[in-house]
């Protein structure tokens, strides 16, 4: 390889170029990181660069396994647990029906409420006369 001209000339007025310092090589943190990446690469622990589709498929498989385990756990419920769940559902249904009736009564027009009151008072008067 040809040597540059400024090496042969010993002219003190010339500014001689100096080799640039590589900041990557001088940085201790970067050297440690590079060494760690090389070691992981040799061991096969390199960061996984999986395509997005593969990641989604793995996530779906994990979700599917979790769902299957939950279903198996539900299938293995004892008779007592099943009976308790049935009773709880019945109570919830009764409570919902009760709330619906209350809402219907509250939302009913005024004349329907008055008519119901008149019937009750009429029945009470009839019962009082019979006794």
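Each residue, glycine too, has its Cβ placed from N, Cα and C.
Listed features, source Swiss-Prot:
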MOD_RES   2  N-acetylalanine
REGION    39-78  region 'Disordered'
MOD_RES   50  N6-acetyllysine
COMPBIAS  52-78  compositional bias 'Basic and acidic residues'
COILED    61-112  coiled coil
REGION    100-131  region 'Disordered'
Across all the protein chains here, work out how many other Cβ atoms are within 10 Å of the Cβ of the residue listed as 'N6-acetyllysine'.
11
Mind looking up the mean pLDDT for the coiled coil (61-112) in the predicted model?
89
